[in-house]
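Here's what TrEMBL has on this protein:
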- HIS382: active site, GMP-histidine intermediate (ACT_SITE)
- ASP92, HIS200: Mn(2+) 1 binding site (BINDING)
- 199-203, 320-321, 356-359, SER363, 382-385, LYS458: GMP binding site (BINDING)
- HIS231, HIS320: Mn(2+) 2 binding site (BINDING)
Amino acid sequence: MKIIRESPYIWRIKKYDNMKVDAIIFTDSKTINNSEYQEAINQLINVATLPGIVKAAYAMPDIHWGYGFPIGGVAAFDKDEGIISPGGVGFDINCGVRVMITPLNYKDIDIDIDKLIKEIYNEIPVGIGSRTKFKFSVKEMKNIIENGAYWAVSNNYGISEDLNNIEDSGKIIYADSKKISSEAIKRGSNELGTLGSGNHFIEIQKVEKIYDKEKAKEWGLFENQIVYTVHSGSRGLGHQVATDYIKIFRDNLKEWNKKIPDKQLINAPFNSQYGQDYFFAMNGAANFAFANRQVMGHQIRKIFKKIYNVNVKLLYDITHNIAKLEKHNINGKEMDLIVHRKGATRAYENQPVLIPGDMGTSSYILIGTAKSMKLAFGSSAHGAGRVLGRRQAKRRLNSSAVINELKEKNIHLIAKSKSTIVEEAPEVYKNIEDIVNIIEKIGISKKIAKLTPVGVVKG
């Protein structure tokens with residue numbers, strides 16, 4: 001394997017052996033030469049061997065090891081000749097981020113932050129196995145699965161304007177509840193409006209810096225403004241969908257998958273019955289995730305209304321774990337592709353791109369560019385990317401030290417689990433500033449605003 005440096009932040013591995021396309025990595029020399037990332041790079045090379053892949057297999061600067069595909073991976077497959085793979089989406093289908101903006105200035109809430117995050121913590125169920133006070137019937141769950149955020153808004157969890165600011169308007173039409181198992185529906189029936197655990201969070205944030213004043217004004221952003229971010233996904237329902245279809249593919253597509261270099265890359269021809277069943281089930285789970293973030297975002301909106309009597313608007317809601325049917329220009333020809341983004345964000349031209357940090361680090365609001373459409377199927381990074389596994393973090397860090405570190409930064413934290421505090425400490429992630437600077441220098445996204453946390457709710 002030979003890695004060629006094409007520019008300061010773009011590296012290419014020319015196809016060899018069973019690779020059908022090249023592998024392209026967006027990163028710096030420090031990361032490309034770090035042996036800890038070799039496993040993730042090997043995963044990217046494996047992705048480049050899959051049937052029907054076009055152009056290249058891509059890795060964003062936040063690349064790290066994942067199930068099958070690396071996290072931070074992007075790969076597109078010809079709709080007619082290509083595949084769909086649960087490992088290219090992940091277990092948390094449509095894990096994503098929404099940013100909501102208030103008219104408040106930091107000085108309006110600085111003495112209330114503890115009160116504010118306690119109200120949120122009491123309203124939004126958080127942590128492993130968190131359950132909502134509602135339990136939906138199978139019929140209603142199927143409605144949610146097929147209508148996503150539309151269901152939420154029509155049931156008074158939001159306003160119609162919200163739907164204009166969600167990827168796919170919060171409802172992917174290629175969804176079919178009949179393709180989702182009763183076990184998955186059961187798991188989701190009392191999880192709507194819950195945060196979960198791990199890297200999921202709710203953050204009250206301050207707009208620390210504006211980089212593009214004209215675009216920021218258009219989007220309703222200003223310095224010292226209070227906004228909040230919700231980072232969550234499809235909860236147990238999405239996990240069950242992934243688990244179910246991995247088993248279905250293993251049981252029924254052994255001959256088709258006999259040559260894959262890694263069993264975690266199990267896949268189905270996209271146009272086969274198995275491929276279509278997974279596609280429609282996955283999109284149903286994605287709709288559930290859109291509804292989940294819509295419900296949480298609106299519940300927090302009501303808290304701001306109660307305490308401060310202000311109206312809160314949705315800036316944008318975006319997914320970073322999904323496979324989508326999209327049209328892209330490949331060598332002068334428009335093609336229908338199934339684009340897998342796993343730990344990667346859609347970054348279409350002029351679209352908001354949301355890249356969250358975690359607890360003690362900044363988050364960024366960016367804008368997609370025309371160059372992104374040419375370079376990587378309109379894709380960008382989704383976060384900082386881990387440098388320490390959860391077990392490593394537990395061995396090296398303790399919760400008291402992390403809490404004290406956050407206090408020194410004047411960041412208020414409320415968390416259900418001390419384990420989560422350690423597992424999601426700022427030290428376990430790459431430097432978010434490096435990630436954002438790399439994608440801006442490559443030209444696939446452009447910075448609009450920097451957000452810093454002032455209050456954090458974790459599972």
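Note: Cβ is positioned from N, Cα and C throughout, glycine not excepted.
No curator has checked TrEMBL annotations; they are predicted automatically.
Locations of recorded TrEMBL features on the structure.
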residue	record	contacts (Cβ under 8 Å, 6+ apart)
ASP92	Mn(2+) 1 binding site	GLY233, SER234, ARG235, GLY238, HIS239, ASN321
ASN199	GMP binding site	HIS231, ASP358, GLY383, GLU424
HIS200	Mn(2+) 1 binding site	CYS95, HIS231, SER232, GLY233, LYS458, GLY459
ILE202	GMP binding site	ILE120, ILE124, LEU195, TYR228, THR229, VAL230, HIS231, MET296, ILE300, VAL456, VAL457
HIS320	Mn(2+) 2 binding site	CYS95, GLY96, VAL97, ARG341, LYS342, GLY343, ALA344, THR345, HIS382, GLY383
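Among the recorded positions HIS231, HIS382, the residue whose Cβ has the fewest other Cβ atoms within 10 Å is HIS231.
A simple way to gauge crowding: the CB of ASN321 (GMP binding site) has 30 other CB atoms within 10 angstroms, across all the protein chains here.
Its Cβ placed at the centre, ASP358 (GMP binding site) has 23 other Cβ atoms within 10 Å. Look at HIS320 (Mn(2+) 2 binding site): DSSP puts it in coil.
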